[in-house]
Amino acid sequence: MQHSSIHWFRKGLRLHDNPALLAAATDCHRLHPLFILDPSSGRAGTNAWRFLLDALRDLDRSLREMGSRCPTPSTTPRGGCLALSLGVQGIQTRCRACPSLSHLRVLALNNGKAPLTYKGLQSLLASLGPPEKPAPTLTLEHLQGCHTPCQVSHDTEYGVPTLEELGQDPTEVGPHLYPGGETAALARLNSLMDRTVSKPETEPTSLSPSTTVLSPYLKFGCLSVRTFWWWLDEVYQGREHSQPPVSLHGQLLWREFFYTAGAGIPNFDRMVGNPVCLQVNWDNNPQHLRAWREGQTGYPFIDAIMTQLRTEGWIHHLARHAVACFLTRGDLWISWEEGLKVFEELLLDADWSLNAGNWLWLSGSAFFHRYFHIYSPVAFGKKTDRDGAYIRKYLPVLKDFPAKYIYEPWKAPRAVQEQAGCLVGTHYPQPIVEHGAASKRNLGRMKAARAQKGNKSPRRHQAPLAPCCHSSCLPLLQAPSGNNQLASQWLNHKGKSPRPSHTDPHRDPQLWVRHYLSGFDPFCSTAPH
């Protein structure tokens, strides 16, 4: 029996490997793609909004080529609440897929327990076998006999908004280095054909990215992780390549590791109530936190990284290591939760589970036990960039300092500072802490926190498995056959997207579905496609 379908795009802004979209189009009489902008979303900054809007425009263009569109109404939907509301109206929910390779299958195999080591994850994955192959890309052939109507006023009523309409200041965006969308994601992926990156071969001080920069596209679902995995598998055939954990396959497994931990460990993004997190009495120092966030610590390597993050929305993984260590156990002794909030705002690829997991790791709060390994804010950058070209690029106020002083400008004689046109303490700040003394003091504090906890390894936490309710699932909302209606959605806890709300009832997804079920469709024209 043919049905009408609503496909709710959440964290899967693509036509390739989208099982829910294919299911919605199968035996479908009318298909209505939809993305709902949510004004109650998290802390995403202007660069992340631009990336999302790029992705939505690209998705709308791809659908337009097949005679469809993707409306973007604004409201404050909650996937679980909407599913419950639709269930009352006779629409059932069932799972279709997840934005990962296998994290829910790992939890199911391990009785709901998240493995707390990479090797533990690999062992479980070995028994599961390789990831599933990607689903076919939606094409016109899938839409044969399916109407995909939209209003003539689509662009004015339900088109992709501007940054100003989102309440964002367009002057705050940085250079447009990473345009969002499926088209850009696949182009970037294909450009790697002759360049299979190995993690140790990349540098945090590269003036252009030495890694793939595919993480923002994975985060927003512009690129399917299964497509990426099997593309790599094909590229690796007959070639010498690195192995996990340093290979690109290995990096995708780290993604699975943190997705599994985020799904299986309660309060994963905070210290209190998190069973695997070291309980630490962090300092509360708003001035130091602000200096770190704004790139005003007085340590040029740290400040250059934070400036790149703020302007471009992306930094190398080792640069993330350096600034995270500096904020937490290294120098400032400020809670990793504060760093998590800043990264969530400024990173294009701020994926909830990965962001929380990496901050837990880098602060020495969980997973990582070599807490005595502290990144020097001076020596670490010098390893790959002795001349300081990276600092000169992102901190032009220091560009004329000699290489001898570029990492420690406060040590330069006043005459050198005057010649460089930058007086430390006037044009650029003095260091807010002395690294040697601060790191030594904090190492002692970390030892004390770990001693108080004891030498026991953290218990593996068993979480109840509820795949259809988990935020990273892809449920398919389907009415019983007697109702002849179908709606599919991708639910994700951090896939929400803000936009100012309106009083138009057509922008309320629950009202929209009610109108739709009663025969009134505010997005559809009367003419068949």
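Backbone N, Cα and C define each Cβ position, glycine as well.
Automatic, uncurated: that is what TrEMBL annotation is.
In this view, Ala350 (FAD binding site) is surrounded by 24 other Cβ atoms within 10 Å of its Cβ, with every protein chain counted. Here TrEMBL flags 211-215, 251-258, 349-351 as FAD binding site.
Summarised as a single figure, the pLDDT of the domain 'Photolyase/cryptochrome alpha/beta' (3-146) averages 84. Residues or ranges marked as domain 'Photolyase/cryptochrome alpha/beta' in TrEMBL: 3-146.
Annotated region 'Disordered' per TrEMBL: 439-463, in sequence order.
Taken from TrEMBL, the feature site 'Electron transfer via tryptophanyl radical' applies to Trp282 (among others).
Sequence-distant neighbours of Trp336 (site 'Electron transfer via tryptophanyl radical') (same chain, 6+ apart, CB under 8 A from its CB) are Met271, Ala324, Leu327, Thr328, Trp359, Leu360, Leu362, Ser363, Ser365. Residues or ranges marked as site 'Electron transfer via tryptophanyl radical' by TrEMBL: Trp336 (among others).
Under the heading site 'Electron transfer via tryptophanyl radical', TrEMBL lists Trp359 (among others).
Across the domain 'Photolyase/cryptochrome alpha/beta' (3-146), DSSP assigns 58 helix, 24 strand, 62 coil. If you measure from the Cα atom of Trp282 (site 'Electron transfer via tryptophanyl radical') to that of Thr211 (FAD binding site), you get 33 Å.
With a cut-off of 8 Å between CB atoms and residues at least 6 apart in sequence, the same chain places Trp314, Leu348, Asp349, Asp351 near Ser215 (FAD binding site), listed in sequence order. In the shown protein chains, 25 other C-beta atoms lie within 10 A of the C-beta of Trp359 (site 'Electron transfer via tryptophanyl radical'). When Cβ atoms from all protein chains are considered, those within 10 Å of Val213 (FAD binding site) total 16, not counting its own.
Taking each of the recorded positions Phe258, Trp282 in turn and counting other Cβ atoms within 10 Å of its Cβ gives the largest count for Phe258.
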